[in-house]
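Below you'll find the structure, written out as structure tokens, and then a few comments.
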Amino acid sequence: MFRLLLLALSCLESTVFMASVSISRSKPVGIVGGQRTPPGKWPWQVSLRMYSYEVNSWVHICGGSIIHPQWILTAAHCIQSQDADPAVYRVQVGEVYLYKEQELLNISRIIIHPDYNDVSKRFDLALMQLTALLVTSTNVSPVSLPKDSSTFDSTDQCWLVGWGNLLQRVPLQPPYQLHEVKIPIQDNKSCKRAYRKKSSDEHKAVAIFDDMLCAGTSGRGPCFGDSGGPLVCWKSNKWIQVGVVSKGIDCSNNLPSIFSRVQSSLAWIHQHIQ
């Protein structure tokens, strides 16, 4: 089994939880504090791939979610540039193990949120259109999106899923099975206080805006390779995606991680997928 190429990409404020395909070699990427997940439990989860000439294969760089039979939602920082060529990306669906013998799906179009800011990570969202409609099944189906009027808080049952590192320097081992972890949503005011209480300038500089959502606790949350993945909550007898993994510091070590809030971009999402 070949190795994933990972890089902790630092921005001015924090670290994005993205795997890299071009800089250095390390073992492949699971969620901090998580457990293995069985097939079919999270049928909207996808692995976003880019081709690596170093290992001559399509390697995992980010997570994503199926929100429509032809559309994937992920993080904007997972995409190389505003005019990125869709042909350099592929998507794996319906599988809990990375790198099983499976046909990867082609992307025909990429749309980055028009208000995305690469420094602050505001509106860190991107849509990817598949070249063909998915055939839904037990293992492949879209997740529900929230309503504008929906509310989510620490009392909700919310889960994060991904193939990211188990700890900052502890990658997932073969067979690279998808991991899940239950994490609490935190209100933005408490999240801001938590960051400002830290002594380092890096922590204090983190800005949390209304289009962001905080979730996770010490030892439970996303790490490198989890960017773009969905945060889902059980509400009204269905799973609803409330967030997209965006940024954090030290792989969920002491602080909540920061997600893009899906509700803040519903109009933009529906404009393109309908």
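Just so you know, glycine gets a Cβ as well, placed from its N, Cα and C.
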Record Swiss-Prot, residue CYS223, disulfide partner from CYS158, CYS191, CYS251: CYS251
Feature N-linked glycosylation site, as given in Swiss-Prot - residue among ASN106, ASN139: ASN106
Candidate in CYS78, CYS214, CYS233 joined to CYS158 through a disulfide, as Swiss-Prot lists it: CYS233
From CYS78, CYS214, partner that Swiss-Prot gives for the disulfide involving CYS191: CYS214
Shortest C-alpha distance to CYS62 (disulfide bond) - which of the active-site residues HIS77, ASP124, SER227: SER227
Cα-Cα distance linking CYS251 (disulfide bond) and CYS158 (disulfide bond), given in Å to the nearest integer: 18
Listed recorded positions among ASN106, CYS191, CYS214, CYS233, CYS251 whose Cα sits within 10 Å of SER227 (active site, charge relay system): none
Cα separation, CYS191 (disulfide bond) to CYS78 (disulfide bond) (Å, whole number): 24
